[in-house]
Amino acid sequence: MTTVLLTSTSGPLSDDAARSVRELVALETERLGVPPLSEQPLLNLRDPRARVVHIMDTQGGDVTGYAQLDVSREGGSLELTARCADRTQCVGALLNEAELIAQDHDVVVRPWVHGDDPDVTRVLAQRGYVPARTLLVLSRDLSLADTQALATPVVPEGFVCRRFDPISDADSLLAANSDAFSWHPEQGRLTHHDLSMRMKEPWFTPDHLHVVTPVSESARIVGFVWLKAEPHSRSIELYVLGVTEAAQGQGVGRFLTELATVTALNQGYPRLHLYVEADNTRALALYTQHGFAPMERHVNFTQPTGELGHEPPS
């Protein structure tokens, strides 16, 4: 049996530790076909404001197991991965440590499994965790026919569309995002700091973020679409598409979906993909009409029995 020696720390990781975690994630991404950690935990690695605890197993100077637990007031989200001689044992040890830390911070552990990771899924099932939420990744191939059909998306009457201005539009974008995603546990909480962190990422460009406003109120954003183009990727992500409650049902969402498709085509991407909640029937219907189909799933687990002294989420 392999000895698993864990260390845990809050606050930003050192450059070397963060680099080692990213290397672990890259290796496991190549093996699994899906990144085992999502975007936010990677942003948190060096963020001094992130309210998270980093849990690491280190062998020979390399990080061979990593977990990140959100210990904020609304927290409990856990993402983890490992590349050990006994991977199941390492995953179990990371989960044990996360559960103990969660008790100290009075949060409920809610682990994520991204894509198909049988080792993590098996450990969670053995501990009594059950699926509570599912994110779907939808994808569609782009073709010349799309270029001809969507050559000029038409802005709905009464609205105008323009490129995002990072200086003057930040407040309005965050307000629109909060309204459009008031029901969403992560996206609806986007802050100025979160937006700033994403705008510092190498993939960010204002050319990939468009906003829709009423003709008479050019500063009030009621819809927006944001594309994310990772370096060396053949697929571009429809990163966020949001429409405020008051603007829904007026064709804004359909227009923004068509705009995203045309933008991807014009920049030479053969594929467009996006994330959507499995129970968001309105969004699923819209994307299905535009040719998107499920490609992978990401499942969030919880313990309904309130084991380890935790209460289930209300």
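Including glycine, each Cβ sits where the backbone N, Cα and C put it.
So that you can see what the record holds, here are the features copied from Swiss-Prot:
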type: BINDING; residues: Leu80, Thr81, Ala82; note: acetyl-CoA 1 binding site
type: DOMAIN; residues: 159-313; note: domain 'N-acetyltransferase'
type: BINDING; residues: Leu241, Gly242, Val243, Gln248, Gly249, Gln250, Gly251, Val252, Gly253, Arg254; note: acetyl-CoA 2 binding site
Nearest-integer angstrom distance between the alpha carbons (Cα) of Val243 (acetyl-CoA 2 binding site) and Thr81 (acetyl-CoA 1 binding site): 35
Three-class DSSP secondary structure - Gly249 (acetyl-CoA 2 binding site): coil
Whole-number Å value for how far Leu80 (acetyl-CoA 1 binding site) lies from Gly249 (acetyl-CoA 2 binding site) (Cα to Cα): 39
Shortest C-alpha distance to Leu80 (acetyl-CoA 1 binding site) - which of the binding-site residues Leu241, Gly251, Gly253: Leu241
Annotated acetyl-CoA 2 contacts Leu241, Gly242, Val243, Gln248, Gly249, Gln250, Gly251, Val252, Gly253, Arg254, maximal Cα-Cα distance (Å, integer): 15
Listed binding-site residues (Gly249, Gly251, Gly253), ranked by Cβ neighbours within 10 Å, top entry: Gly253
Rounded distance in angstrom between the Cα atoms of Gly253 (acetyl-CoA 2 binding site) and Thr81 (acetyl-CoA 1 binding site): 36
Leu241 (acetyl-CoA 2 binding site) versus Thr81 (acetyl-CoA 1 binding site) - Cα distance in angstrom: 29
